[in-house]
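Trainee: In case it helps, Swiss-Prot gives these features for our protein:
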- H69, H109, E145: Zn(2+) 1 binding site (BINDING)
- E145, D179, H216, E261: Zn(2+) 2 binding site (BINDING)
- H182, D229, H231: Zn(2+) 3 binding site (BINDING)
Amino acid sequence: MKYIGAHVSAAGGLANAPARAAEIVATAFALFTKNQRQWRAAPLTPQVIDDFKIACEKYHFSAAQILPHDSYLINLGHPVSEALEKSRDAFLDEMQRCEQLGLTLLNFHPGSHLMQIAQEDCLARIAESINIALAQTEGVTAVIENTAGQGSNLGFEFEQLAAIIDGVEDKSRVGVCIDTCHAFAAGYDLRTPEACEKTFAEFGKIVGFQYLRGMHLNDAKSAFGSRVDRHHSLGEGNIGHDAFRWIMQDGRFDGIPLILETINPDIWAEEIAWLKAQQIAEAMA
């Protein structure tokens, strides 16, 4: 079964996120468990935790259908020690918040070398940052998102994702989230079914489907291989509908959150309905 949804707002309280996901007839959702543009947040209260869990139960969302995202400020590969420690503390807090909420995944951008340290050193710092957080939490998997490779951001090549995983001690608690827009901008073609087959065969060989724990389904305003991160609505960008139809009809993408971060929330319900319909089309073929 495919879990299909979008990154919904938690404005007004975390319990509002599953309700908003239900409004667009989603079977998955992503959210921020705190303000993503601030370092600090008030601790979760027992009431907030209970309300969120009750809402998830009410709208039939299990932890496997929810892909929380951490703060954009965090850089787990930061070249400066003080800033690295600040990011590691913030990441641990994010992992602990997931743990408290009964969530089992935390999606994050790996990190940037800021042109100050070697790529290999940055990747090693990211892996060590994950190890530190995993050692102090239980039950939450660190889910590394591939990037478009904009600026000095790492994680845009499958080999970089594999290198981070290689440095993580507990392989059972590390995974990846593939963002289709990021992959396309990083030079992985998805414009035809044949291109999708080739790209994901490469992913399977270098990273491994056993590590795929979520996806972000986004079309791309950015050009192929441009290393520019610009999302678009499904079928309206440079990737086109074929990739998303192909994903919906491939069983390797079952049982993980497939999350829209497309640019027009007003049509998320339509995009989700279209994605669901592609599965039906395959079943009837």
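Yeah, the Cβs are placed from backbone N, Cα and C, and that goes for glycine too.
Are these features on the surface or tucked inside, and what are their neighbours?
Mentor: Long-range Cβ proximity for E145 (Zn(2+) 1 binding site), meaning a same-chain Cβ under 8 A and a gap of 6 or more residues, is found for N107, F108, H109, P110, G155, V176, C177, I178, D179, H182, H216. Annotation note: E145 (Zn(2+) 1 binding site) sits in a strand segment as assigned by DSSP.
In the structure as shown, the Cβ atom of H216 (Zn(2+) 2 binding site) sits within 10 Å of 26 other Cβ atoms.
Shown in sequence order, C181, N218, D219, A220, K221, G237, E261, T262, I263 are the residues of the chain, 6+ apart in sequence, with a C-beta less than 8 angstroms from the C-beta of H231 (Zn(2+) 3 binding site).
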Trainee: Distance check, please: Cα of D229 (Zn(2+) 3 binding site) against Cα of H69 (Zn(2+) 1 binding site), rounded to an integer number of angstrom.
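Mentor: D229 (Zn(2+) 3 binding site) to H69 (Zn(2+) 1 binding site), Cα-Cα distance: 17 Å.
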Trainee: Compile a sequence-ordered list of residues in the same chain as H69 (Zn(2+) 1 binding site), six or more apart from it, whose Cβ lies below 8 A from its Cβ; state 'none' when nothing qualifies.
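Mentor: Set apart from H69 (Zn(2+) 1 binding site) by at least 6 residues yet with Cβ under 8 Å, we have H7, A30, L31, F32, Q36, L106, N107, F108.
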Trainee: Enumerate the residues of the same chain, H182, D229, H231 excluded, that satisfy the criterion Cβ within 8 A of the mean position of the Cβ atoms of the recorded Zn(2+) 3 site; list them in sequence order.
Mentor: T147, A148, D179, C181, A185, N218, A220, S222, R230, E261
